Amino acid sequence: MTYQDTYATGRRTGPSAPYGGRPAAPVPPGVPRRGPGGRRALSAVFWLGLVAAVLPWWLATPPGSLADTTGLLTAAGRITGLVAGYLLLVQVLMMSRLGALERRLGGERISRAHRDVGATLLVAVLAHLALLVVGYARMEKNSILGQVGALLTHYEDMVSAFVAAGIMVAVGLTAVRGVRRRLPYELWHHLHLTSYLALLLGYGHQFSNGAQLYEPGPVRTGWIAAYLLVVAALVWGRLIVPLRFNLRHRLRVADVVAESPDTISIYLTGHRLNQIDLLGGQYFRWRFLNPGCWWQSHPFSLSAAGNGRWLRLTVKVVGGHTAELRDLRPGTRVWAQGPSGTFTAAHRTRERALLIAGGSGIAPLRAMLEELPPGAALIYRARTPADVLLHNELDWLAQARHTSVWYVVGSRDDPGPRQVMSPEGLRRLVPDLTRRDVYLCGPGGLVEEAVRALRRAGVPRRQIHLATFEL
Amino acid sequence: MRRALLAITGLAAGTTALVVLKGAPGTSQAAQDRPVAEAPVVPGGSAAPGPAPGGVTPSARPGASAKPSAKAGASRAPGTRTSATTRVTTRATTAAPRTTTSAPKVTTRTVTGPVVSYRYGSLQVRITLSGSRIVDATGLGMPLDGQSGLRSDDVQARYSGSSGEVVAKQSANLNTVSGATYTSTAYKQSLQAALDKA
Ligand SMILES: Cc1cc2nc3c(=O)[nH]c(=O)nc-3n(C[C@H](O)[C@H](O)[C@H](O)COP(=O)(O)OP(=O)(O)OC[C@H]3O[C@@H](n4cnc5c(N)ncnc54)[C@H](O)[C@@H]3O)c2cc1C
């Protein structure tokens, strides 16, 4: 074991946490691995679905039938329409919090895919709209605006379809990062929830006007079935599963402990905690059912691996909600949704791991450390000594599980951190870097910078696992 | 974002590729789509195998709206007799009103085209001629309700009546009504057959 306390010692301002009574985690076997098979299967299903969505058009269109520009425009409009309809279903499905998806893809990857699919969906919707309006206008020798008017007045369900497109544009534009940063999270979130409305409003026009879906037959039936499946997944993932989980485990706040001036740990107890199938590094979405907080649900990682007696989250106060959590009373009921995430020891590809934490990003890594095989290394970046969280626990774990720990304290421009967070610095601390999985969790800037350094040091991308506390 | 851009490019490229693959008119493709197009107009008994698909194709091609007819589906045998062969081959030439061939004596008569089934129903076009001039047209038996009814209304409003497009153009060479491609196509088909008879 090498343990270096280069710059700082931690400082705890609260009563000591109840972890102390526990024997050190049983050392060897780490958790068994979960391969990427599930992920690949899901990706195959996605592409098959896309083909299935466009296939009816392909089969129903005779070759050579699109000789003129008008025909080409409307055909492209139909294809983009089918693609948009399919992607919208995929988008909603990804947000259904279906266990099968969360376990195989993980929140991080889902939200990344959700962003990419979202951008594509927006473009597909706009293309669908533009191509068909222009195509129809040419066909009817109408002006563009006149054609929009005709569509709105003469066609069934077109008003709601246009509203749906408007909603998707609004949702898409506020999801652009620069815009989103300027909006309060709740506003963004509620606007985003209106996309369910887009699903509803866009539904009708596909069947009353869609060339491929108008006619009763297998295509129409299949499409409706897909809609029903997605809605069922939504009800299952967002309602039934959480209801069952919470009725079964009945979580309550047991204690709130200060870890540093701006960080708290919340301990939870409940029924049958040993039966929750969770892994260190996973997170839940928490709803604290007291008058001030019940209407907000926030994601926080578990900062200790499952032990059957309590759960813990370690929260940094960054805004309104996290500030309120400081005043939680023991006994407050908690509604939880999870566990989610593939940021776990089970998703490693190698025997050894390097963990890099920034600030409160230590929370999931601290939990994961209990489940990684011995021999891991941890680099913990913190701005000041006071920001080093869970210091005593890390020391204790480092001994029990043969982990090297480096605390790197200072601002990012200080010589120490600058030197460590470079390819050479990382290689010096962890010479076998490229043969390890690297788990990164912390502020966006730190994570990006670290990824760049790791890549330059020669770590393959699939060995790098990210958690950026940002959905 | 890089992946999103990739996806968007993929969408554009994919859509273009699909459209181009389907759109490119090739000889083998023409032969393939013809039989479907032919099916609806083959009347009950008589002219059954008549027009060999391959042979008729080239002459039928110039007809501006030959394309959507491929989807018209099978039609009922019309009560009134029409010949598929004449319909198809004369298509391109009937566009010009036959003023020269008709008798100078002005009589008014009506001619009814065959019933044409299409995706959302079936219709039959009746034209009224004064001499050789079309003075009125109307679609019969078109669906009245729902979305198909709306499409029918659109088509009727545009084509039919003494001030409709049929009278204005004096031919079946009509602009397709947007959003009512199938209905328009069926209308034009029945109209063309009626004109051929007249
Ligand atoms: C998977 C995941 C795990 C996390 N684990 C931890 C953890 O273990 N410890 C910890 O301290 N923090 C964690 N976070 C971050 C934590 O969720 C946010 O700091 C918290 O929600 C901020 O709420 P606020 O109202 O106090 O701050 P605000 O000032 O409202 O927001 C601060 C930032 O947090 C984001 N945010 C706000 N509300 C939410 C929400 N409901 N869902 C998602 N993001 C939100 C906003 O985008 C904003 O950038 C995690 C985030 C994610 C996505």
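Note that Cβ sites are derived from N, Cα and C of the backbone, with glycine treated the same way.
All TrEMBL annotations are machine predictions without curation.
According to TrEMBL, the features are:
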{"type": "DOMAIN", "residues": "A:246-346", "note": "domain 'FAD-binding FR-type'"}
{"type": "REGION", "residues": "A:1-34", "note": "region 'Disordered'"}
{"type": "TRANSMEM", "residues": "A:41-60", "note": "transmembrane segment"}
{"type": "TRANSMEM", "residues": "A:72-96", "note": "transmembrane segment"}
{"type": "TRANSMEM", "residues": "A:117-138", "note": "transmembrane segment"}
{"type": "TRANSMEM", "residues": "A:158-175", "note": "transmembrane segment"}
{"type": "TRANSMEM", "residues": "A:187-204", "note": "transmembrane segment"}
{"type": "TRANSMEM", "residues": "A:224-241", "note": "transmembrane segment"}
### Message
Out of A:41-60, A:117-138, A:187-204, A:224-241, what stretch is closest in contact terms to the transmembrane segment (A:72-96), meaning most Cβ pairs under 8 angstroms?
### Response
A:117-138
#### Entry: Outside the transmembrane segment (A:117-138), six or more residues from its ends: residues with CB under 8 Å to it
69-71, 73-74, 76-78, 80-81, 83-84, 87-88, 90-91, 94, 144, 146-148, 150-151, 165, 168-169, 171-172, 175
### Query
Do any residues of this chain, six or more beyond the ends of the transmembrane segment (A:41-60), have a C-beta under 8 angstroms from a C-beta of it, and if so which?
75, 78-79, 82-83, 85-86, 90, 101, 104-105, 211-213, 219, 222
### Query
So, by DSSP, how many helix, strand and coil residues make up the domain 'FAD-binding FR-type' (A:246-346)?
15 helix, 42 strand, 44 coil
